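**Q** Please read through the structure below; I'll follow up with questions.
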């Protein structure tokens, strides 16, 4: 029999939870007081007008940089062979107007952004929402206690509802779960492609302004300038955006005001009749006149909505209302004016389409606009690179990406991270694309392919979100899905015509990352399944006796495992090959859940394995996909704090029967001394556990009194065990990690042998070791090697 106690160190987060006791302990927070205040106000959805305006202003620099720099290259990519008829400009402008209205404004800003996971956006955030509402996670390491987390929010629905039918349909076959995961991974790979192509096209387009003022300058000079800017941009990533982030919002705001103002000036100066493009009839005339060329030009039109996915991926730290306000008041009107102004200029100067943006700038402000355009392109690139880091971190947490180093660049904001390996890969690929194509047109074709595929993935995921999470009527879901797919498939069909003109680039990049991510996830799942099937039975452990058939030497052994329940195979392998084991053994499971964060006060779950004389425990450390396992987290100290608290409270329960008819209800506060003699108050949830299944204990009032009456008897036991644990901790702590090698069986098919024995083995060899991820000191590390045949 085992008892589990969920240790909750919060000071007031769980005041309304029954069966909980308060722990008055102050923990260091990852955000400063101001950021914490904004975050709390965000959660409560209570914003003053002034605060909302401030957040809307700040969101400009983080969310809208990529979308805002599109006027630099849209018309050039729409008319790569020149303008044959000035009326085509009106048709193209009409397409841009309605594209901006339907996709960024209606679909993303007012619908998709509402599907955020506690403020987090992106494809993996949508997937995490779905994982909480249906059992579709391919690594089944969740426990029902995980659903009691304060951040594990989910809605319920009637078992006969359409949502319940959809849930059962998804859960019915593993193939459907894998297909959904592949869909999410494809979207993620395309976002990574955006992280390569956005800096390339934005910086190259901005640098092209040099050549406009100096027509005889070689295009190679522009490419060299763009490459220098890109090298500088990626080289400064390790500093993070915390120090210069305050500059982003004013730069982007100034950029929007400039392009909007220039647009008004050009409309007034050249041709105000371009405003007739707000009539959709010109779209029909454009396609009728252009036919196939008009259809393929949609690949260039679509660049006007690039950055929309980054808008959703960079949603963190800003409430949806602030993002909506910034778009409707600043971004949308300024973009419409910018495109309308360029159209007015092009009607009178059709031969200037190759450099439409810079040619349309009044000469007196040309160089100031060039500087702001370059800065805006850098901000847009930074936003996309940060979004790429963020989504790779999410993929890493959900077991879909090889282990890489993740650096936290800000002490104030949890979401600001830097991944060195990915940064240099992005830089090399970005420079290769810039120097290889040397022109905006082919890069634009590649960019369009990546963006439209991400939009299609988001539409399919949103269909499930609307059914499972929002419980929308199936007719509403059908209308949303059909309208979205009609628009996006239209763009996708146009992009397919340009695969041989640069559109193949994101497909190759995505295919490479898809192979890496899926093989890594496949190997991880196979290893987890093998460990689940080869768990050591409790009967075998109990049969060994308290000494486990070995010499118990002083010290504490922390055995790391991916299993959240049961004794891992590595333990039996260890004790059958070595003659001694530590006096105290703690099985440590670090697992990531489909939530954006796990509060520090709810991070650890501790339980005892076997009788007290065995001195064996399990500690499960739970993280969200935005959480970081950092060196300054004092992970080991927090683990022992929770372990000692568990022992103290477990001793108090000795008077309780093991029958599941007993329960401790209501709130009580138990003051006791920790292992250093300091007074503390512990917040716990008591539950009865039989092997791996946990069921709440129901405790009658007389049992509560029996606990009190037996307090004197359990006090000595508590002190003895705490003193024993203290002595073992002073004797030394050893971290035992399994160096597991998996191999495909001889009878396995060729593709499985290729995936496991070569690709997965190569990825395991070049990725970071678990000891580095867990920050284990080398002097206290013990690796146990074993081979699994899957």
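Numbers run from 1 along the shown chain.
Glycine residues also receive a Cβ, built from the backbone N, Cα and C atoms like all the rest.
No curator has checked TrEMBL annotations; they are predicted automatically.
Take a look at what TrEMBL says about it:
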- 1-20: region 'Disordered' (REGION)
- 47-65: transmembrane segment (TRANSMEM)
- 55-541: domain 'K+ potassium transporter integral membrane' (DOMAIN)
- 89-110: transmembrane segment (TRANSMEM)
- 178-201: transmembrane segment (TRANSMEM)
- 221-239: transmembrane segment (TRANSMEM)
- 246-268: transmembrane segment (TRANSMEM)
- 294-313: transmembrane segment (TRANSMEM)
- 325-345: transmembrane segment (TRANSMEM)
- 413-435: transmembrane segment (TRANSMEM)
- 447-469: transmembrane segment (TRANSMEM)
- 476-497: transmembrane segment (TRANSMEM)
- 540-560: transmembrane segment (TRANSMEM)
- 554-787: domain 'K+ potassium transporter C-terminal' (DOMAIN)
- 580-598: transmembrane segment (TRANSMEM)
**Q** Looking at 89-110, 221-239, 294-313, 580-598, which one has the highest count of Cβ pairs under 8 angstroms to the transmembrane segment (178-201)?
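**A** Stretch with the highest Cβ contact count: 294-313.
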**Q** Are there residues at least 6 beyond the ends of the transmembrane segment (580-598) whose Cβ is under 8 Å from a Cβ of it, and what are they?
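**A** Counting only partners 6 or more residues beyond its ends, the transmembrane segment (580-598) has Cβ contacts under 8 Å with 117-120, 125, 127-129, 131-132, 137, 141-142, 146, 149, 151-152, 397-399, 414, 548, 550-564, 567-568, 571, 574, 609, 615-627, 629, 639, 643, 724-725, 728, 731, 734, 774.
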**Q** I'd like to know the mean pLDDT over the domain 'K+ potassium transporter C-terminal' (554-787).
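**A** Across the domain 'K+ potassium transporter C-terminal' (554-787), the average pLDDT comes out at 69.
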